[in-house]
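**Q** Take this structure first; my questions come after.
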Amino acid sequence: MPKNSKVTQREHSNEHVTESVADLLALEEPVDYKQSALNVAGESGGKQKAAEEELDAEDRPAWNSKLQYILAQIGFSVGLGNIWRFPYLCQKNGGGAYLVPYLVLLIIIGIPLFFLELAVGQRIRRGSIGVWHYVCPRLGGIGFSSCIVCLFVGLYYNVIIGWSIFYFFKSFQYPLPWSECPVIRNGTVAVVEAECEKSSATTYFWYREALDISNSISESGGLNWKMTLCLLVAWSIVGMAVVKGIQSSGKVMYFSSLFPYVVLACFLVRGLLLRGAIDGILHMFTPKLDKMLDPQVWREAATQVFFALGLGFGGVIAFSSYNKQDNNCHFDAALVSFINFFTSVLATLVVFAVLGFKANIMNEKCVVENAEKILGYLNSNVLSRDLIPPHVNFSHLTTKDYAEMYNVIMTVKEDKFSALGLDPCLLEDELDKSVQGTGLAFIAFTEAMTHFPASPFWSVMFFLMLINLGLGSMIGTMAGITTPIIDTFKVPKEMFTVGCCVFAFFVGLLFVQRSGNYFVTMFDDYSATLPLTVIVILENIAVAWIYGTKKFMQELTEMLGFRPYRFYFYMWKFVSPLCMAVLTTASIIQLGVTPPGYSAWIKEEAAERYLYFPDWAMALLITLIIVATLPMPVVFILRHFHLLSDGSNTLSVSYKKGRMMKDISNLEENDETRFILSKVPSEAPSPMPTHRSYLGPGSTSPLETSGNPNGRYGSGYLLATTPESEL
């Protein structure tokens with residue numbers, strides 16, 4: 001699709017090369033499909049390059065079945081974020097009210113851009129580097145930025161899989177090791193660990209036994225050897241799954257993509273049978289309508305859509321590049337998007353059912369503890385027994401009775417009430433306690449499971465589900481790195497894949513220090529969000545405004561066999577770019593207004609405290625964002641000033657059963673289209689394999705007006721009229 005490539009016109013020449021192009025444009029296929037090659041400039045490597053391109057196309061792996069491909073896309077898009085980030089955002093942003101902005105943005109941004117990535121990957125049959133180089137060489141840096149973002153995400157994402165592996169093996173115990181606080185014996189005296197007593201057993205196990213976390217990001221504390229081993233196991237599993245490309249990862253997807261749904265279904269049934277589960281679900285679906293007007297909610301919803309569908313990572317493009325040309329990627333986009341949203345809602349139901357159960361238990365515990373305080377005050381005459389309603393029975397105290405007693409005491413002892421230290425013990429307060437990210441899975445959910453009958457079984461199932469969800473996403477993330485590099489630089493697949501895993505393991509040691517969890521927060525919350533937003537908006541611009549929405553819609557019509565809905569035309573052209581521009585601006589403003597920080601666990605206080613990143617960590621964070629986005633402007637500048645070749649130094653044409661593959665030559669200027677079409681440059685054809693133009697909504701294909709000769713190459717072949725730019 002390079003716009004600046006030119007072909008020398010030879011109108012009065014009877015050379016064989018011109019006759020071959022004429023035969024091609026007249027749809028007269030040469031006899032020898034595999035050996036025919038056209039070298040306009042006379043380079044000796046023309047035939048060799050054409051043969052190599054055709055051999056590469058023939059040897060490209062393909063999915064064994066449509067089911068395997070769909071499961072791969074589902075495994076990549078449905079990940080750990082569906083289990084803990086989406087429920088947390090629902091809890092934080094108004095329950096059911098959050099579903100409205102999420103659904104709106106999923107429809108106007110998520111599905112159209114997901115469809116776009118599926119389509120370009122399937123059409124061009126290359127990874128992200130090759131795709132965006134092909135669409136617009138000056139924006140070829142998009143593919144390199146996608147690879148870097150995938151690397152950043154893969155580094156910390158596999159650490160989370162390592163955490164899940166640690167908890168998985170610890171789950172084969174009864175009682176679960178995080179169900180009770182450890183007891184320290186000093187001679188004949190047994191004392192509960194102070195840090196655990198101040199917090200909770202599950203919180204203590206997470207921060208002290210699992211992470212052995214330091215007090216701040218500046219305190220390294222050395223490597224955590226347990227997590228180092230788990231990280232090694234995680235990378236070994238990922239390496240074995242992706243070492244053969246889709247031949248190995250496709251088979252893994254049958255289990256890693258389906259097993260989590262079995263576990264979620266089991267947890268949903270079990271959760272609905274728990275006491276208090278309905279309270280949690282009703283709390284989730286009770287919308288707080290004021291949240292729908294909060295711009296921050298819309299920004300977080302848009303970010304979640306990007307991460308949920310895997311937009312901008314390159315994994316979607318990589319997987320679709322192994323499809324057949326006639327695959328219905330429009331159906332795939334709608335199906336995978338629906339399954340992703342369904343999974344998020346299903347996981348949220350499970351989480352809130354379990355959290356409703358946990359909230360009831362914690363509320364009852366609060367009632368018992370505060371009732372004991374009241375009894376102590378009654379026995380010491382601090383409170384009069386006249387304040388206690390006559391029907392209240394302390395041996396069978398209900399939450400309703402406690403609430404009534406609490407209100408009476410608060411009314412009578414208004415001046416001295418705060419000194420009593422009584423808590424209201426409201427169920428709503430327990431349900432409103434939002435637990436973010438890893439804390440939801442490794443603290444809140446694990447605590448709830450300790451109250452399940454046969455708790456080790458449910459714990460094993462839960463963390464095995466997390467491992468499989470993470471593995472599916474890691475396979476897609478690795479494909480976003482390996483596929484474009486292997487396609488572009490022709491490096492050995494197995495050797496490069498193993499090298500990537502080994503390199504990532506050693507760099508990942510940063511995240512298994514005692515301060516490693518704080519680096520995970522830095523990478524997860526900040527390093528990928530802004531670069532991903534820029535990548536996605538440039539992808540949209542490259543296709544909709546540089547290549548051309550009309551032309552791209554026609555390519556889809558040729559590929560799919562039907563014309564996509566007009567809806568996509570307007571989304572790609574106007575709505576999605578505008579929404580993403582607003583999102584990018586909001587993200588930059590957010591970073592400027594709210595300094596980046598993290599929640600640090602302070603051992604002495606046994607509590608979390610929000611700290612801002614120190615200067616050196618801010619410098620690292622800014623460096624990560626620059627490194628991820630730098631390839632885009634660098635490649636643009638180099639190719640704009642012709643300091644970097646776009647790779648199109650020959651015009652080679654190879655034939656394969658009626659399909660044409662072209663590499664436009666870097667020849668003399670202003671003559672390409674007259675040589676091929678005898679037309680003006682504005683009527684240059686698309687370098688994609690089809691030529692019927694799509695003139696926008698409501699238009700008809702010009703191919704229907706057959707019979708008019710096209711220049712001097714005969715009738716029956718009318719080429720697209722395609723403007724160089726639709727800006």
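Yeah, the Cβs are placed from backbone N, Cα and C, and that goes for glycine too.
Pulled from TrEMBL, these are the listed features:
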TRANSMEM  69-87  transmembrane segment
BINDING   GLY75, VAL78, ASN82, ASN340, LEU469, SER473  Na(+) binding site
TRANSMEM  99-120  transmembrane segment
TRANSMEM  141-169  transmembrane segment
TRANSMEM  225-246  transmembrane segment
TRANSMEM  258-278  transmembrane segment
TRANSMEM  301-322  transmembrane segment
TRANSMEM  334-355  transmembrane segment
TRANSMEM  457-483  transmembrane segment
TRANSMEM  495-514  transmembrane segment
TRANSMEM  526-547  transmembrane segment
TRANSMEM  567-589  transmembrane segment
TRANSMEM  616-638  transmembrane segment
REGION    680-727  region 'Disordered'
COMPBIAS  698-709  compositional bias 'Polar residues'
**Q** What residues elsewhere in the chain lie close to the transmembrane segment (258-278), defined as a C-beta under 8 angstroms and at least 6 residues from its ends?
**A** 71, 78, 343, 346-347, 349-350, 353-354, 356-357, 359-361, 452, 458, 461-462, 464-465, 468-469
**Q** So which of 334-355, 457-483, 495-514, 567-589 is most in touch with the transmembrane segment (141-169), counting Cβ pairs under 8 Å?
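**A** Looking only at 334-355, 457-483, 495-514, 567-589, the most contacts with the transmembrane segment (141-169) come from 457-483.
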**Q** For VAL78 (Na(+) binding site), what residues in its own chain, 6 or more apart in sequence, show a Cβ-Cβ distance under 8 Å?
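**A** The answer is SER257, PRO260, ALA308, ILE339, ASN340, THR343, LEU469, GLY472, SER473.
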**Q** Quick one: give me the count of other CB atoms within 10 A of the CB of SER473 (Na(+) binding site).
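**A** So the number of other Cβ atoms within 10 Å of SER473 (Na(+) binding site) is 29.
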**Q** Verify whether three or more Cβ pairs under 8 angstroms connect the transmembrane segment (225-246) with the transmembrane segment (495-514), leaving out any pair fewer than 6 apart in sequence.
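**A** In this chain the transmembrane segment (495-514) contacts the transmembrane segment (225-246) - 3 or more Cβ pairs sit under 8 Å.
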**Q** Using a Cβ distance cut-off of under 8 Å, indicate which of 69-87, 225-246, 526-547 has the most pairs with the transmembrane segment (301-322).
**A** 69-87
**Q** Same-chain Cβ contacts of the transmembrane segment (99-120) under 8 Å, 6 or more residues past its ends?
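**A** Contacts of the transmembrane segment (99-120) (Cβ under 8 Å, skipping residues fewer than 6 from its ends): 90, 131, 135, 287, 292, 297-298, 301-302, 304-306, 308-309, 311, 316-317, 320, 329-330, 332-334, 336-337, 341, 345, 536, 539-540, 543, 552, 555-556, 559, 564, 567-568, 571-572, 575-576, 579-580.
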**Q** May I ask which residues of the same chain, at least 6 positions away in sequence, place their Cβ under 8 angstroms from the Cβ of GLY75 (Na(+) binding site)?
**A** MET253, SER256, SER257, LEU471, GLY472, SER473, ILE475, GLY476
**Q** Is the transmembrane segment (616-638) packed against any residues at least 6 beyond its ends, judged by a Cβ distance under 8 Å, and which are they?
**A** 138-142, 144-145, 148-149, 152, 217-218, 522-523, 526-528, 530-531, 534-535, 538, 596, 644
**Q** Determine which residues of the chain contact the transmembrane segment (567-589) at the Cβ level, with the cut-off under 8 Å and only residues 6 or more beyond its ends counted.
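**A** Result: 105, 108-109, 112-113, 115-116, 295, 299, 302-303, 529-530, 533-534, 536-537, 540-541, 543-545, 549-550, 552-553, 696-697.
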**Q** Could you tell me whether the transmembrane segment (225-246) and the transmembrane segment (457-483) are in contact, taking contact to mean 3+ Cβ pairs under 8 Å with a sequence separation of 6 or more?
**A** yes
**Q** For the recorded Na(+) site, enumerate neighbouring residues of the same chain (Cβ within 8 Å of the Cβ centroid of GLY75, VAL78, ASN82, ASN340, LEU469, SER473, site residues themselves excluded), in sequence order.
**A** ILE74, PHE76, SER77, GLY79, LEU80, GLY81, SER257, PRO260, THR343, GLY472
**Q** How many other Cβ atoms sit within 10 Å of the Cβ of LEU469 (Na(+) binding site)?
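**A** Other Cβ atoms found within 10 Å: 28.
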**Q** Give the sequence-ordered list of residues that share a chain with ASN82 (Na(+) binding site), lie 6 or more positions from it, and have CB atoms under 8 Å from its CB.
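**A** Counting only residues 6 or more apart in sequence, the Cβ neighbours of ASN82 (Na(+) binding site) under 8 Å are ALA308, ASN340, THR343, SER344, ALA347, LEU469.
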